[in-house]
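Just below is one structure, and these are the notes that go with it.
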Amino acid sequence: MDKCKHVGRLRLAQDHSILNPQKWHCVDCNTTESVWACLSCSHVACGRYIEEHALRHFQDSKHPLALEVNELYVFCYLCDDYVLNDNTTGDLKLLRSTLSAIKSQNYDCTTRSGRTLRSMVTADDSFISHEGAQAFLQNEDRAFTALWHRRHALLGKVFRSWFALTPKGKQRLEEERLREEAEQKREEARKKRQQLKRKLKEEMESTSPRKSSRLQHQIQPSPKTELPSVQKMNQKNSPTTKQKTPAPTSDKACFKKIGNSPIKRKPTVTPGVTGLRNLGNTCYMNSILQILSHLHVFRECFLQLDLNQTQELLAAAGSGKTRLSSKYPPGAELPRVTQKHTKVQRSLARRQSFSLGLSGGASNSRNMELIQPKEPSSKHISLCHELHTLFQVMWSGKWALVSPFAMLHSVWRLIPAFRGYAQQDAQEFLCELLDKVQQELETTGTRYPALIPTSQRKLIKQVLNVVNNIFHGQLLSQVTCLVCDHKSNTIEPFWDLSLEFPERYHFNGKETASQRPCLLTEMLAKFTETEALEGKIYACDQCNKAQKQLMVCRLPQVLRLHLKRFRWSGRNHREKIGVHVRFDQMLNMEPYCCRESTAALRADCFIYDLSSVVMHHGKGFGSGHYTAFCYNPEGGFWVHCNDSKLHSCTVEEVCKAQAYILFYTQRVTQENGHLSDTLPVHGSPQSPPR
């Protein structure tokens, strides 16, 4: 629509909620797909092709104009058309340029009049450095957790009241009453025994023991016996000569010991069932972090490893501020020196981490020394440290919601391609994140080994081994000449398998694809099928006709299956294949492995169990919303992770999801169960021997 009369009446507030990326999701269903912001108030909701929450808001409030947050379209509900014109003050143009600057984190663009809309996300690395905004959301996280706990407590109270009225509930109450009465009787009997024992002890202490005349005669001291001097008594009771006495066994001492012992609190929430706040189109990051935190081996490694102190020491050594004595050779370790001020370093790190986010900020101190460390000269960004801190919070059982400020801050610094609030691909983010974590572990473990204690070096090596091998598998690329039957084998590593859809699901324009669901086993069979090599791709002196086949020759501990739902349509457009892929809770990989591997491995090593699923909601590559299904081992149930909203679900619901990335965990691992060494491997299949 060229001209909409309702735009002329628009008066856009300068502090509109749309300027805060944390509000870029539907307030009702929490999706980030097709989100529309009302231009008359602060309401943000999803479009009519999702749940129609924005349309319902118009029907209730009669606010006609709304702006699509990601595509920046303006729609008028009264005119029932898209709006192309602007008001006299140019508010829509200014709003679009401001939102574009917020997405790209580029604030250099200004209007001709110099007028601008200020966002909560100000310059230099965003709102993460803004202590006020961070403290505000931390308080919101606490309030959300407290509200969640109160709701569950009230729900439990109502359920217990109802259950007490049922026949089974009455039976349970009667059993509990009898159990309490028996426990009370045992407690009374125990108190009587203690009282009798105490009374008996007092009587024995007040009554002098009876002795025979012979013993009394022997006890009398002779005239020559010398009493110990005061000096000898002091020497006997000194700490160097004083012997250990057994711990008191009286009831009073026992009760004191029990009272001082720490009591393990029952967790507020199930460990791992912690939501991650959407900080502005960060659903791709939240879904991947939930997946990684629910992988048991990966999580346990980063819960034990914290590279914060290690990187501070390495940074000090690299800048020449660490003083090393000449008595320590280059390969020596310094455990005593590094452990001398561990408590001071930890307290400083905790203090800075609390005030400046999970990864902290910067300091101007330039006097950091290894022997007597002061505040670090700068707070170094570490993805490993952020994973360690975030996993600790998520699996503490104390928080129902956490805002991953510092994790996003570290991603922006170390992976610039993901800087800003534009919508990103979860598969690309997972690959980049694992690559950066691997590089960080390799760099930290090899720089200045003398500064790192032996235990820390071993732990870094173990975690690096897990990161390298947990998703690592090997493919056998076998090229067979159809004339001379020569086979050329090449071993290729892989960290995930990208599976293409069969040809019947690739359609153009308005054609409709087959409505029959695709099978995951069919996609795996297509991946490992034999393909003919045409032309002179395979250079042989005698013949050129050949065929190629990919087969798995080494299975990873965690199998990542990436379903290639997005394909190019035209030059600059990528469309989504929205067909449902049918997958099972158990996957047998034996049909897709080479025969030599089948002969060496146990049958259980081919069996994989479904552990996590990443879903993409939406129709396009550059838009949509990511959620994840994760199996929680602490509670023994599946959890649907939709940013801050988490709820339990059944495995049947998981298998009905429109999967984008599937994670399968190997049921039985066998490190040496592959035959890649027994296969004839050639560096290049294009030049086989005669």
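These residue numbers are counts, starting from 1, taken along the chain as shown.
Glycine is no exception: its Cβ is also placed from the backbone N, Cα and C atoms.
Annotated in Swiss-Prot:
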- 2-99: zinc finger (ZN_FING)
- C26, C29, C46, H53: Zn(2+) 2 binding site (BINDING)
- C38, C41, H57, H63: Zn(2+) 3 binding site (BINDING)
- 185-253: region 'Disordered' (REGION)
- 274-667: domain 'USP' (DOMAIN)
- C283: active site, nucleophile (ACT_SITE)
- 321-340: region 'Disordered' (REGION)
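On the structure: features taken from Swiss-Prot.
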residue : record                   : DSSP (3 states)
C26     : Zn(2+) 2 binding site    : coil
C38     : Zn(2+) 3 binding site    : strand
C46     : Zn(2+) 2 binding site    : strand
H53     : Zn(2+) 2 binding site    : helix
H63     : Zn(2+) 3 binding site    : coil
C283    : active site, nucleophile : helix
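In this structure, H63 is the one among the binding-site residues H53, H57, H63 with the smallest number of other Cβ atoms inside 10 Å of its Cβ. In sequence order, L39, S40, S42, H43, F58, S61, A66 are the residues of the same chain, not among C38, C41, H57, H63, whose CB sits within 8 A of the CB centroid for the Zn(2+) 3 site. C41 (Zn(2+) 3 binding site) sits 19 Å from C29 (Zn(2+) 2 binding site), taking the C-alpha atoms as the reference points.
For the pair formed by H63 (Zn(2+) 3 binding site) and H53 (Zn(2+) 2 binding site), distance between Cα atoms is given as 13 Å, rounded to the nearest Å. Distance from the CA of C46 (Zn(2+) 2 binding site) to the CA of H57 (Zn(2+) 3 binding site) is 10 Å.
C283 (active site, nucleophile) sits 13 Å from C26 (Zn(2+) 2 binding site), taking the C-alpha atoms as the reference points.
Cα spacing between C46 (Zn(2+) 2 binding site) and C38 (Zn(2+) 3 binding site): 11 Å, rounded to the nearest whole number. In the structure as shown, the Cβ atom of the residue listed as 'active site, nucleophile' sits within 10 Å of 30 other Cβ atoms. Its Cβ placed at the centre, C26 (Zn(2+) 2 binding site) has 22 other Cβ atoms within 10 Å. Counting Cβ atoms from all protein chains shown, C29 (Zn(2+) 2 binding site) has 15 others lying within 10 Å of its own Cβ.
In sequence order, V44, A45, A54, H57, F58, S61, H63, L65, A66 are the residues near C38 (Zn(2+) 3 binding site), counting only same-chain partners six or more apart with C-beta under 8 A. Listed in chain order, the extra residues whose Cβ falls within 8 Å of the Cβ center of the Zn(2+) 2 site residues C26, C29, C46, H53 are H25, V27, D28, N30, T31, V35, A45, I50, E51, A54. Note on the binding-site residues C41, C46: the fewest other CB atoms within 10 A surround the CB of C41.
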